Amino acid sequence: MMDWTKYQLFLAGLMLTTGSLNTLSAKWADMFSAKGCHDGPQHKFTHPFVQAVGMFLGEFSCIAAFYMLLCYDRRRPEPKVNPGQSFNPLLFFPPAMCDMTATSIMYVALNMTSASSFQMLRGAVIIFTGLLSVAFLGRRLLPSQWLGIFITILGLVIVGLADFFSGHKDDTHKLSDVLTGDLLIIMAQIIVSVQMVLEEKIVYKHDVHPLRAVGTEGFFGFFVLSLLLIPMYFIHVGNFSDNPRQVLEDALDAFCQIGHEPLILLALLGNTVSIAFFNFAGISVTKEISATTRMVLDSLRTLVIWVVSLALGWEQFHGLQVLGFLVLLVGTALYNGLHRPLLARIPCCAAMANTEEQEDSPGERERLLGDGSVQAGDQS
């Protein structure tokens, strides 16, 4: 095992902590009840699009982080940061719209299901990213990656079954809401995979620094979604919405609820700040340690979210979730090549591991998959 420096340990801890806080703070905001703009009864803070705007604000702040990093680096005797080529920011508009759509859907789903299932089901992204990279990027998946995809599908089925059985005993969410939320999360991963394929083509073709890419997408997402809050205020959707006016999004009601319950603002700020630091930490971990380490930390984030949710009493323990998490972990490990170091230690399998390593493309090894976050993986 390699010896990590204090800085590398700090980055790993920062990524794990902020990545976990991102989902937990969003779920915490969903659990508050407060009065709105009128004298009606208290109601749940169900404002997924307002939360998504806050998340994009966090991503947008990565632009400031990029220029601060660049300014600091230029003061060194030998600058190491590559600022990348000049590019048309509008290139990132299509992936930003994918990010905006997927993030909004996932925040709607988070209102319906548990934080742990939300994080586990996001593992479905490797299925669709793998298939789309074959179709549109001309990538050839290795046998271990295909096996990882099939194992991930099995893990998703197990997590879905865990939600189905626990939904009968859950007083917080109705069974129909839980299953709908799970399906929305998986649907959102299809859009996320399109986003990742678009990002990969742009980032590698134009040599864009990841922090700058995340910040550019954050700007478009923040600007467009903020404007969309205006028509959403007037679009009546009936029982689909839980806000008193039954519109797609009532931003004024959200601000009134924050005024009556200031802790909601703390939860929203936690979401905004954590996504910014998570993007920075994730990109730094890839640069300072490896993309493989980033994938391991991202998987551990799911475990942290699950354990904290259980400790806070936000959800009940279910054995099938443990099995589902382990199966998803195996699928993700196979897809990202985490099995190769183990195979290399076995004499009869060393040649197989070396062959896979040679066949794997540099783009695949360095791709920044993974709240969100180029993300960033969990940009959301």
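These residue numbers are counts, starting from 1, taken along the chain as shown.
Glycine is treated like the rest: Cβ placed from N, Cα and C.
As recorded in TrEMBL, the features of this protein are as follows:
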REGION    355-380  region 'Disordered'
TRANSMEM  49-70  transmembrane segment
TRANSMEM  90-109  transmembrane segment
TRANSMEM  121-139  transmembrane segment
TRANSMEM  146-166  transmembrane segment
TRANSMEM  178-198  transmembrane segment
TRANSMEM  219-236  transmembrane segment
TRANSMEM  263-283  transmembrane segment
TRANSMEM  295-314  transmembrane segment
TRANSMEM  320-338  transmembrane segment
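Simply put, out of 90-109, 146-166, 178-198, 263-283, 320-338, 178-198 has the most Cβ pairs sitting under 8 Å from the transmembrane segment (121-139). Taking Cβ pairs closer than 8 Å, the transmembrane segment (295-314) reaches residues 12, 15-16, 19-20, 23-24, 27, 31, 114-116, 119-120, 123, 282, 285, 321, 325, 328-329, 332-333, 336, 338, 369-370, 377-378 in its own chain, all 6 or more past its ends.
At the 8 Å Cβ cutoff, the transmembrane segment (90-109) and the transmembrane segment (320-338) share fewer than 3 close pairs (sequence separation 6 or more) and do not count as touching. Residues 26, 29, 81, 83, 100, 103-104, 107, 209, 211-212, 214-219, 221-222, 225-226, 228-229, 232, 248-249, 251, 254, 268-269, 271-276, 279-280, 371-373, 376, 379-380 of the same chain lie 6 or more positions beyond the ends of the transmembrane segment (49-70) yet place their CB under 8 Å from a CB of it. The recorded stretches the transmembrane segment (178-198) and the transmembrane segment (146-166) share 3+ CB pairs below 8 A when only pairs 6 or more apart in sequence are counted, and are therefore in contact. Counting residues 6+ beyond its ends, the transmembrane segment (146-166) has Cβ neighbours under 8 Å at 113-114, 117, 120-121, 123-124, 126-127, 130-131, 175, 178-179, 182, 186, 315-316, 318, 320-321, 323-336 in the same chain.
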